[in-house]
């Protein structure tokens, strides 16, 4: 993905501390205090431009959402989208997924969303895939006992890798789809990439996974 650099992004993000949390480590274990109402907490890693995040937040107002994004220029677009929708149940973090343990406490998150992440197709880059064992270890620590991971991708190789990685890690699956848009899942909210790929007739792969006790 080619990113357009926006040198002003950092300054603009800092102007919205109530939406883009500037020192998220200070809220570790107390994220519900950042929202108007204490509700279940769903986290999207690699939130991109925020289309999925805002769509979910509108559809499920009784859930609090946090979008995590490492690229400031992309996060700026997400911030503008959340502001335009005036969503009280959304916060944004400028963080890398590898830093999640710094900002969330154990058993604090109810659900993780991983949507259309970089497939890192080369074998030597497997550890960078967000469904690799090193990231699953992080998610497991942060999820509540009945917490879930919802994963979507257009990349068949990454999907097969993720099924194997999660299965080897001892996870259980449900609602696995090899062609999401033919599955009749009514509550599906599409990402920017999902709209693009589905318009070309490409299948979207999806799964829900939980960690066994």
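If you go along the chain as it appears here, the first residue is 1 and each next one adds 1.
For all residues, glycine too, the Cβ spot is worked out from N, Cα and C.
Of the listed candidates (25, 69, 72, 148), Swiss-Prot assigns 69 to the same S-adenosyl-L-methionine site as 44, 96, 118.
Residue 44 (S-adenosyl-L-methionine binding site) falls within a strand when secondary structure is assigned with DSSP. Among the binding-site residues listed here, namely 44, 69, 96, 118, 44 has its C-alpha nearest to that of residue 191 (substrate binding site).
Separation of the C-alpha atoms of residue 69 (S-adenosyl-L-methionine binding site) and residue 122 (substrate binding site): 23 Å, rounded to the nearest whole number.
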